[in-house]
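Over in Swiss-Prot, the protein carries these features:
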- 6-244: domain 'ABC transporter' (DOMAIN)
- G42, A43, S44, G45, S46, G47, K48, S49: ATP binding site (BINDING)
- 278-298: transmembrane segment (TRANSMEM)
- 526-546: transmembrane segment (TRANSMEM)
- 587-607: transmembrane segment (TRANSMEM)
- 616-636: transmembrane segment (TRANSMEM)
Amino acid sequence: MTGPLLQLTRVTRRFPAGEKDVVVLDDVSLSIDAGEIVAIVGASGSGKSTLMNILGCLDHPSSGSYTVGGRETSELESDELARLRREHFGFIFQRYHLLPHLCAAENVEMPAVYAGSAQAQRRERALALLARLGLSDRASHRPSQLSGGQQQRVSIARALMNGGEVILADEPTGALDSKSGRDVIRVLRELNALGHTVIIVTHDEQVAAHARRIIEISDGRIVGDRLNPHADAADAAPDASGGAQPQRARRLSAGVGRFAEAFRMAWIALVSHRLRTLLTMLGIIIGITSVVSIVAIGEGAKRYMLDEIGSIGTNTINVYPGADWGDSRADAIQTLVAADAAALADQIYIDSATPETSRSLLLRYRNVDVNALVSGVGERFFQVRGMKLAQGIAFGADEVRRQAQVAVIDENTRRKLFGANPNPLGEVILIDNLPCVVIGVTASKKSAFGDMKNLNVWVPYTTASGRLFGQRHLDSITVRVRDGQPSDAAERSLTKLMLQRHGRKDFFTYNMDSVVKTVEKTGQSLTLLLSLIAVISLVVGGIGVMNIMLVSVTERTREIGIRMAVGARQTDIMQQFLVEAVTVCLMGGAIGIVLSFGMSFVFSLFVDQWKMVFSAASIASAFLCSTLIGVVFGFMPARNASRLDPIDALARD
């Protein structure tokens, strides 16, 4: 590289202050070559710290150009800037900016974690750096157990972890006693002698006197830039930079390392606030316990009821043409007619009967065309099927007799044809070009397996036969067995009557077994209802997780700034807080499942008719649900953390 290592050209930095902007740097041009040791001197408020932040890619110019090794920083994305900070810059802060819950060696390792270095290599280099700086016996100590000078040396070691081509020292002696300050300056000079570019930001002329180049700044402008002939060259300490940098691990290993670091930091954060963590998990625990227990109770109740009702008959029977399901001759059999339905309806064991015939036809209303199942039925159809109308009325015997052009539609058809119109009664629709007046809308019936999406229209069977289908025979007959009558006996009598009328067995019957279906549907609906109530507690728990994570982001803003300064990407920060949220939810989910098994034991003490039945699917779903809650409700806090400005984050206490 032939040009300067760092070059600013007419750089200006403004900050908004009310309706006006405050100019902190004004038209600054500056170049620094590799291997220089430079002091930037100025009073408080002169703009020297802002200049250092721009040099270290923690901040960006409002206008002008800044290049690092010939690369224009304004063209770089946030992750590319993080890579520059991680691989080229090392920061030494006046306030040290060490993470209090990590030991000295772990603080030094941090830049290498985000560089993707292998764990063993980064620990070896961290210990070597601390040893060269006289802290080998303090590697396992936390910052609170170190003196100010020792903390600053840890900060220097951290700056060198990834090589530290450029060392940026912001008032490195400002918080130290004179002896510790001299030691820090000595180390910086030794690093410069080893080839590191050292930039010292200070207001102390005595500190600046150790630099071979002094740049003076005042009111955001450079007012002096001179060489210092009185600065002595330092002798390089042979191993002051700690030896070889740790090699970057393979992509997979690097990703695993960063994830492990995120999990470890999440665990430390959770353990350090035990009560808050427990209260955060409480909503998740209650929700998971409720969902798993309710599903287990519902499954146990269903099995018990199915065992109990066993062979109980049902009250609805269908009659179809043919020998059985799939009979290829069924379409050719035309002996099932409306008179059969009338004869069945007259039997003492039958409550009601309805003929049925159906086709898929095109419906049209104004400019809306849809395909629907059009069924021709008798006036007792809705009674037989137990269907209720949400609007209007059903057609009666008179409409059936005179082939009236009237129709009853279901709710799905109403939505498709009429959209936002809540009252389609009296509207005329075309059924295969036959105009029919809508006289009723059936109420929605939800299946235990979900909402039925098909479209249904019912017209008098005489209208269907004479005006739409052009056929006299029926597709089926549905009868409802009178209450109190044995379903199997009714089926036998029905079969006998039909044989007498047809003279041969050209039909078959199907007993709907409605009791079993009703029990299953009721059990599933009840389980669903109670599960939804439990899910509400899960959502509340998730909101609690989000609130606590937002608080955690606020509390750890400075930590986020430190991590960004040493090279953490936005994705690294987001991953850390997402892992923390998911960890909370998974722990809550695990505790909830354990409590569910405990509830099973208590349940068996009070209810002996059936027992709770757990399934692997419900337990796996609980863990999946916990993970999803952690991701969904942890996303916003994690995103907020990743979008923090490094300078603003570092400035917060």
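Including glycine, each Cβ sits where the backbone N, Cα and C put it.
Structure with Swiss-Prot features highlighted.
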residue	record	contacts (Cβ under 8 Å, 6+ apart)
G42	ATP binding site	K48, H203, E216, I217, S218
A43	ATP binding site	H203, S218
S44	ATP binding site	H203
G45	ATP binding site	none
S46	ATP binding site	I217, S218, D219, G220
G47	ATP binding site	R13, V24, L25, I217, D219, G220
S49	ATP binding site	D170, V201
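Computed over the domain 'ABC transporter' (6-244), the whole-number mean pLDDT of the model equals 86.
Report note: the ATP site is defined by G42, A43, S44, G45, S46, G47, K48, S49, and the residues of the same chain whose CB lies within 8 Å of the CB centroid of those residues, excluding them, are H203, I217, S218.
Taking every listed stretch (526-546, 587-607, 616-636) in turn, the largest tally of C-beta pairs under 8 A with the transmembrane segment (278-298) is reached by 526-546. For the recorded site, S49 (ATP binding site), the DSSP three-state label reads helix. Counting Cβ atoms from all protein chains shown, K48 (ATP binding site) has 26 others lying within 10 Å of its own Cβ.
In the three-state DSSP assignment, the secondary structure recorded for S44 (ATP binding site) is coil.
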